[in-house]
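Report on the structure given below.
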Amino acid sequence: MGSVTRKPLIAGNWKMNLDHLQAVAFVQKLHWTLKDAGHEHDTVEVAVFPPFTDIRTVQTLIDADKIPFALGGQDLSTKDSGAYTGEISGAFLKKLDAGYVIIGHSERREYHHESDADVAAKVQAALRHDLVPVICVGETLEQREESGPTAVSVEQLKVALEGVPADADVVVAYEPVWAIGTGQVASPEQAQEVCSALRAVVAASLGDEAAARTRILYGGSVKSGNIASFMREPDVDGALVGGASLIAEEFAAIVRYQKHVGV
Ligand code: 13P
């Protein structure tokens, strides 16, 4: 399960930031910053996860200007259509060329009381619509102190992968809750320890082949100054970036982590 060819993925979770007009300016700026720097998109994949109300606009821009960014939603409904006020179907995301959808972010688990079972149902909904679920797991500080660094994430991922076929394309994001938006970043060794345990869960649930090709991201206070140290770890295949994904130059520098000294 060592280093196979997993294309690194740098994903920007905008959360509830940037309206659709700001999104246009931001995506253009990010595109030109990367282009000017000579970024080769076949080396590192870039994905943006705007708010729902921006997605149509961002899709149009990406399409018109041939911008090689993947697009994703920040959540989706467990249902496909019907009387579910306020919900967004995976079918709608797919229609807008979204390739990915974030599922089970800790902010949704905390503020919207999403359970592991809800997360599992959303993973199934994503797969029904041919979207790659970015399954987020991670422990709070209290949970880490109580049950160690890996137990919570391992259990969350086990449930999320129940019923997922072995050939399904999924992405896993390890985001320790205590490192999100706090500036208190996990160490590369801490990230590696959990990401490696998560790869073992993928192996047990979906098989060795799936474990070898599934990308596992780290998220939590990722910046241009620390990304390279995470990417050196064998089981970290990219990053899910919050705050730093809203600043074009900073996010571009994260995408271009291979250019940083020592990598
Ligand atoms: P920050 O990068 O702002 O810590 O957020 C991480 C995150 O939650 C990405 O989904």
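Counting starts with 1 at the first residue shown.
Backbone N, Cα and C define each Cβ position, glycine as well.
The annotation in TrEMBL ties N13, W14, K15, G181, G242, G243 to substrate, and of the candidates under consideration, S196, S221, S224, S229, the one tied to the same site is S221. For ligand 1, the binding-site residues lying close by, meaning a CB under 6 A from one of its atoms, are G181, G242; the full candidate list was W14, G181, G242. With respect to their backbone Cα atoms, G243 (substrate binding site) and H105 (active site, electrophile) stand 15 Å from each other. By neighbour count, meaning other C-beta atoms within 10 Å, the densest spot among the binding-site residues G181, G242, G243 is G242.
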